[in-house]
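A short write-up of the structure that comes next.
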């Protein structure tokens with residue numbers, strides 16, 4: 001199905017889209033269950049993700065579709081799509097090409113861990129940079 005020339009499929013109507021026509025998406029690595037990143041999708045992005053078997057997100061700042069890895073080469077191959085119990089969050093189980101999901105060059109965007117207590121805690125980077133972002137985005 002080409003989503004540019006045909007109407008979008010009816011199964012998309014089950015998703016509870018927000019007032020802007022978006023739904024939050026969590027990308028999880030299929031082989032390890034690591035949470036890789038959080039992003040947004042509109043109907044077209046979700047349809048293209050299923051159609052191409054590659055993660056396609058919607059950039060709220062650029063107001064356009066964002067094909068994961070279009071600049072970095074760090075694409076996400078789709079294994080499975082799930083919808084949560086309230087039907088307002090999508091989970092993508094993916095294979096992360098090159099092991100880098102984050103624009104900081106790390107495996108996961110969730111690399112900062114809170115350590116300490118409510119009075120004297122701080123966020124600590126607990127995942128290494130796998131590749132310098134300067135060399136990812138040229």
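In case you wondered, yes, glycine gets a Cβ from its N, Cα and C as well.
According to Swiss-Prot, the protein carries these features:
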BINDING   84, 86, 88  Mg(2+) binding site
BINDING   85, 102, 109  Zn(2+) binding site
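Feature annotations (Swiss-Prot) mapped to structure.
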| residue | record | Cβ within 10 Å |
| --- | --- | --- |
| 84 | Mg(2+) binding site | 13 |
| 85 | Zn(2+) binding site | 6 |
| 86 | Mg(2+) binding site | 7 |
| 88 | Mg(2+) binding site | 13 |
| 102 | Zn(2+) binding site | 20 |
| 109 | Zn(2+) binding site | 17 |
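Surrounding the centroid of the Cβ atoms of 84, 86, 88, where the record places Mg(2+), the chain contributes additional residues within 8 Å, namely 16, 83, 85, 87, 89.
For the recorded site, residue 86 (Mg(2+) binding site), the DSSP three-state label reads coil. The separation of residue 102 (Zn(2+) binding site) from residue 86 (Mg(2+) binding site), Cα to Cα, is 27 Å.
If you take the Cα of residue 84 (Mg(2+) binding site) and the Cα of residue 109 (Zn(2+) binding site), they are about 21 angstrom apart, rounded to a whole number. The secondary structure of residue 102 (Zn(2+) binding site), as reduced to three states from DSSP, is coil rather than helix or strand.
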